[in-house]
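J.: The annotation S-adenosyl-L-methionine binding site is assigned in TrEMBL to Ser119, Gly120, Ser121, Leu122, Asp140, Asp188. Annotated region 'Disordered' per TrEMBL: 251-280, in sequence order.
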Amino acid sequence: MFANDPSKKISFTRCIRDGDLVIVYERHDTLKAVKVCEGSVLQNRFGVFKHSDWIGKPFGIKVFSNKGGFVYLLAPTPELWTLVLSHRTQILYIADISFVIMYLEIVPGCVVLESGTGSGSLTTSLARAVAPSGHVYTFDFHELRAASAREDFEKMGLSNLATVAVRDIQGKGFPDEYCGMADSVFLDLPQPWLAIPSAGKMLKQDGILCSFSPCVEQVQRSCETLKSNFTDIRTFEILLRTYEVQEGKLDNSQGEEGVPLGMRPCKRRQRSSEGSNVLENSTSTVVMARPCSEAKGHTGYLTFARLKCVS
């Protein structure tokens, strides 16, 4: 969670204030980002919600409308922001983002260079990872995209952690002022091999580069370019498999064949009026898990490489 106050501190416990950005959770598939304003209201299928009722309440609270409907007010974490941001470009999601931050070895105080900014999904997570003393310098060749990303970071209170600039990194490379300053470099470009030589100059000794590409042909060409100045070159594809866990009814009269795998049959016998034992036809509740039918597949390839140390 990012605080929007002048102290520029990250907080997980403070209350909602006028001007804050909150994530309104309406249902599991419906979230929206709302800026709190004293005299404003939020109107949806559950009724009318006054912003004035939100101020002073802690994040995570359940608030009610004039009709008795309710929503939850959540803190604007990078994970939630990724789900609600405007898709100006294709974005990276949580599985790829978490892997990138781990393999780039990003910790508080790091300096990270990123190109291109796109919708800013990754940038928000990078900013949290380097906080409070690090910084992310992100570049995009498209002026309107860069301006929109800058506005988003301002809303989230990230201006002190992320700087957005307009620059064609493929054509011009990174600015010379960052030479030898970066702990990590991230590339999300159509032709990343054109920017790799410049990225190598920006990295500190033993610094790490990551390139995200949707096509394996891009990976192959990037790896060929990386071999000259980088070592420990590795490529990964992140496939996320989600499971649905829910309660279901088990028919005990089905016997062994009707019992789900891993479940022991639950048979209860009772004595009938004739004195014989019979199987009681009854059902019991069990918890079942199965893979989601709409699992997301391939997003892209992540290629990591470490800058060779100069002896």
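Using N, Cα and C of the backbone, Cβ positions are placed for all residues, glycine too.
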J.: Determine, for the S-adenosyl-L-methionine site, the additional residues of the same chain whose CB lies within 8 Å of the mean position of the CB atoms of Ser119, Gly120, Ser121, Leu122, Asp140, Asp188; present them in sequence order.
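T.: The answer, listed by sequence position, is Thr89, Ile91, Leu92, Glu114, Gly116, Thr117, Gly118, Thr123, Thr138, Ala149.
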J.: Given the S-adenosyl-L-methionine binding site residues Ser119, Gly120, Ser121, Leu122, Asp140, Asp188 in the record, what is the largest Cα to Cα distance, rounded to whole Å?
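T.: Taking every pair among Ser119, Gly120, Ser121, Leu122, Asp140, Asp188, the longest Cα gap is 13 Å.
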J.: So which one is it: of the binding-site residues Asp140, Asp188, which has the fewest other Cβ atoms within 10 Å?
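T.: Ranked by other Cβ atoms within 10 Å, the binding-site residues Asp140, Asp188 bottom out at Asp188.
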J.: Within 10 Å of the Cβ of Gly120 (S-adenosyl-L-methionine binding site), how many other Cβ atoms can be counted across all chains shown?
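T.: Summing over all protein chains shown, Gly120 (S-adenosyl-L-methionine binding site) has 33 other Cβ atoms within 10 Å.
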J.: How many neighbouring Cβ atoms, not counting its own, are there within 10 Å of the Cβ of Ser121 (S-adenosyl-L-methionine binding site)?
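T.: I get 23 for this one.
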J.: Quick one: among the binding-site residues Ser119, Leu122, which has the most Cβ atoms sitting within 10 Å of its own Cβ?
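T.: Per the Cβ count, the most surrounded site is Leu122.
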